[in-house]
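Take a look at the structure below.
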Amino acid sequence: MSGIHDFTLASARDALKARKISAVELTNAHIDAIERLDGQLNSFITRTPDQAREAAKASDEALAKGEGGSLCGIPLGIKDLFCTNGVRTTAASKILGNFVPPYESTVTANLLKDGAVFLGKLNLDEFAMGSANLTSAFGPVENPWKRKDSDAKLVPGGSSGGSAAAVAAGLVLGATGTDTGGSIRQPAAFTGIAGIKPTYGRCSRFGTIAFASSLDQAGPMARNLQDCAILLESMAGFDPRDSTSVDTPVPHYEAALKRGVKGLRVGIPKEYHVEGMPAEIEALWQQGMTWLRDVGAEIVEVSLPHTKYGLPTYYIAALAEASSNLARYDGVRFGERVSASTLDGLYEASRAAGFGDEVKRRILIGTHVLSSGYYDAYYLRAQKVRTLIQQDFLKAFENVDVLLTPTAPSGAFAQDEKPTDPVQMYLNDVFTVPASMAGVPALSVPAGLDARGVPLGLQLIGKFFDEETLIAAGHAIEQAAAFHHRPTIHAGVSA
């Protein structure tokens, strides 16, 4: 079965429909890989092999009748921020403990309706707050990649680090992620895979545990953009249970791969040439411009003048929303519960014990910026600047079709290289946050390796609800980059 782990999601779909492989075979191979490798990677919080085998058996029965949806028999992993009916959902936090939702998130329900097989729930930064998957109550996730000159354990990025690591290592054919300020794109870049943050409102947030409600957006993570396109078409769609869901048709995203980019105007934001950017990141960015120019795109410099305010604005607006969203967790019904002599004391002690340090830091900051006397100075001002950031993008898109930037300011760093200053960690999102603040779609594609053999990604940012053009441009980069490298730890590599 060694060849099974060479499948992409698209090629596995085609093989299943042609009956060249059974869903049970495919699922068992991935379950075996998880059992073999995830003790080291720690990409899963909860595994569901028995349910997966039952679902695979049902998929084979459907396929034998010529039935089944677009994902029939495809083994996926689900970020443990999506509520899954009857399966533990933790948000990687002790405060949720062994919470088992009695309902299904819309995104996962859509995937199940199309026949997907869920292998389990994937690790993440606690409540999706982090850029390195180091804040999980269930331990850090290890990036399956290694540097050429070191055996140090690398971070997979965050917050969707478990999703990224599982896809990169071949433990799943695709995974769900969420992106609030870069949590799909940055880990995709760190692990050499593709990831799409759709337009805000494209995928329903119903049943997804909230971090920052005006920013959170679900999206796909997979080996390449074709696989991401297949997943996104299933995940997306209007949902009346989410007041921010937008009622607009979902295109056939996979068809966008054939569109080509001749005549496409690609904007290069001059403000993204940040001080101290490593030479190899700058060189990769220039290479990306060359690749697109070579297939007929036009490169145009643009200005996003409020870029420098992106991070501080994000860390005011997002943390304010987080402090409000996380106020509901009290330790009474589930999760970490600490006894106290009064009800208020129980709340305080349970929250102090149940939340990790990074989450508590963000709750404190968010509560402060919303407090009397500081609301106008911080939160209200941040919302006004956020509008200016969005206007920057709208103005740029009057002249160009997409924007091209690096995804992250570096490749993956070692787990023990974590900066002690949280602000330094927040800088990992410097290139991804502005698109989140504007609500526009963005994606990351693997484009090369750094000098130490670790993946680097390029980011494309698009117009509202124009994920198709992003996918077409991203596919052009994929074809030119020909990124076929495999990480050190991979299901297809013999132990």
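Every residue gets a Cβ built from N, Cα and C, even glycine.
What Swiss-Prot says about this one:
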type: ACT_SITE; residues: LYS79; note: active site, charge relay system
type: ACT_SITE; residues: SER159; note: active site, charge relay system
type: ACT_SITE; residues: SER183; note: active site, acyl-ester intermediate
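Sequence features annotated in Swiss-Prot and their locations in the structure.
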residue: LYS79; record: active site, charge relay system; Cβ neighbours (10 Å): 32
residue: SER159; record: active site, charge relay system; Cβ neighbours (10 Å): 35
residue: SER183; record: active site, acyl-ester intermediate; Cβ neighbours (10 Å): 37
Length of the line joining the Cα atoms of LYS79 (active site, charge relay system) and SER159 (active site, charge relay system), in Å:
10
Does DSSP give SER159 (active site, charge relay system) helix, strand or coil?
coil
May I ask for the distance between SER159 (active site, charge relay system) and the residue listed as 'active site, acyl-ester intermediate', taken between their Cα atoms and rounded to an integer number of Å?
5
DSSP secondary structure for LYS79 (active site, charge relay system), reduced to helix/strand/coil, please.
strand
